[in-house]
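Peer 1: Handing you this structure, nothing more for now.
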Amino acid sequence: MVNQSSPVVFFLLGFSEHPQLEKVLFFVVLCSYLLTLLGNTLILLLSTLDPRLHSPMYFFLSNLSFLDLCFTTTCVPQMLFNLWGPAKTISFLGCSVQLFIFMSLGTTECILLTVMAFDRYVAVCQPLHYATIIHPRLCRQLAGIAWAIGLVQSIVQTPPTLKLPFCSHRQIDNFLCEVPSLIQLSCGDTTYNEIQMAVASIFIVVVPLSLILVSYGAIARAVLKISSAKGRRKAFGTCSSHLIVVTLFYSSVIAVYLQPKNPYARERGKFFGLFYAVGTPTLNPLVYTLRNKEVKRAFWKLLRKDEDSEES
């Protein structure tokens with residue numbers, strides 16, 4: 001049966017078929033969310049307070065950290081509520097807001113990671129011209145473009161998705177409201193929406209990822225031309241954190257949005273979607289802090305400053 005009017009609530013099934021798993025996931029998601037808040041807030045704080053981190057790389061990293069804070073806050077509180085209690089509902093308005101913000105921020109992250117790859121390309125392949133090419137005004141423009149593309153993409157794709165004729169059971173086979181799950185819930189013709197999602201996937205996932213791979217191909221060639229092993233390690237070290245973050249993010253995105261249509265892939269996609277929504281925002285600050293000497297130096301400097309202020 002088809003519900004022609006907008007439904008009052010949706011039911012987020014998530015992992016409701018595995019109640020014991022839900023309890024375990026509740027504590028895993030809660031711990032991950034707290035680590036996300038702590039890690040990304042710390043990066044924002046260090047990037048603001050330490051003058052040595054006032055560079056293009058950390059400007060983009062601050063944007064990524066702020067994005068991850070918003071990204072997880074959009075979905076994790078609702079997810080925790082559904083994992084802990086018997087009620088698995090979300091209002092139509094809540095679903096609409098979650099869909100809009102989640103899609104906008106997800107698109108922005110795809111573009112922002114591409115911008116960060118371009119920054120690393122210039123740093124390694126054009127080091128003498130880095131300061132003149134990646135100047136503060138260009139950084140602000142590139143970051144603004146990334147956020148604008150995310151907003152436009154969400155404005156374009158959210159309304160057609162919410163206007164679909166949803167089946168009367170209103171059960172979303174996922175733990176949050178996103179386009180593939182809502183298309184699956186529809187009992188009407190979804191050809192237009194599927195084409196729209198496929199085209200969006202090409203321009204937002206495939207094209208940015210291709211540009212990142214091209215950038216790292218050029219970086220690899222430049223690194224291999226460096227004669228000293230120490231120079232190669234230093235050049236690779238400037239890119240390794242970003243490369244890890246790109247791998248974590250795009251592997252989960254591809255698993256969620258470019259998976260085949262079958263029950264096994266759909267169930268597997270839930271776990272990848274959970275990692276995409278919760279895992280990557282948690283790991284991003286860990287990757288950048290544990291592998292980055294400048295961030296660690298700024299962190300210990302901040303701690304020593306706090307100790308000195310307490311002693312005085």
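Note that Cβ sites are derived from N, Cα and C of the backbone, with glycine treated the same way.
What you see is a predicted model, and the numbers here were worked out from it, not measured in a lab.
Take a look at what TrEMBL says about it:
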TRANSMEM  24-46  transmembrane segment
DOMAIN    39-288  domain 'G-protein coupled receptors family 1 profile'
TRANSMEM  58-84  transmembrane segment
TRANSMEM  90-118  transmembrane segment
TRANSMEM  138-156  transmembrane segment
TRANSMEM  198-224  transmembrane segment
TRANSMEM  236-259  transmembrane segment
TRANSMEM  271-290  transmembrane segment
Peer 1: Which range wins on Cβ pairs under 8 Å with the transmembrane segment (198-224): 58-84, 90-118, 138-156, 236-259, 271-290?
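Peer 2: Against the transmembrane segment (198-224), the leading stretch is 90-118.
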Peer 1: Please give the sequence-distant neighbours of the transmembrane segment (236-259): residues at least 6 beyond its ends with Cβ less than 8 Å from one of its Cβ atoms.
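Peer 2: Contacts of the transmembrane segment (236-259) (Cβ under 8 Å, skipping residues fewer than 6 from its ends): 64, 106, 109-110, 113, 116-117, 120, 123-124, 180, 197, 201, 205, 209, 212, 216, 219, 223, 265-266, 268-269, 272-273, 275-276, 279-280, 283-284, 287-288, 291-292.
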Peer 1: I need to check the long-range neighbours of the transmembrane segment (138-156): which residues 6 or more away from its ends have a CB within less than 8 Å of a CB in the stretch?
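Peer 2: Beyond its ends, the transmembrane segment (138-156) has Cβ neighbours at 56, 59-60, 63, 100-101, 103-109, 111-112, 115, 118, 196, 200, 204.
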Peer 1: In the same chain, who gets a Cβ under 8 Å from the transmembrane segment (271-290) while lying at least 6 residues past its ends?
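Peer 2: Counting only partners 6 or more residues beyond its ends, the transmembrane segment (271-290) has Cβ contacts under 8 Å with 25, 29, 32-33, 35-36, 39-40, 42-43, 61, 64-65, 68-69, 71-72, 75-76, 79, 102, 174-176, 178, 241, 244-245, 248-249, 252-253, 255-256, 296, 299.
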Peer 1: Across the domain 'G-protein coupled receptors family 1 profile' (39-288), what does the mean pLDDT come to, as a whole number?
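Peer 2: Across the domain 'G-protein coupled receptors family 1 profile' (39-288), the average pLDDT comes out at 87.
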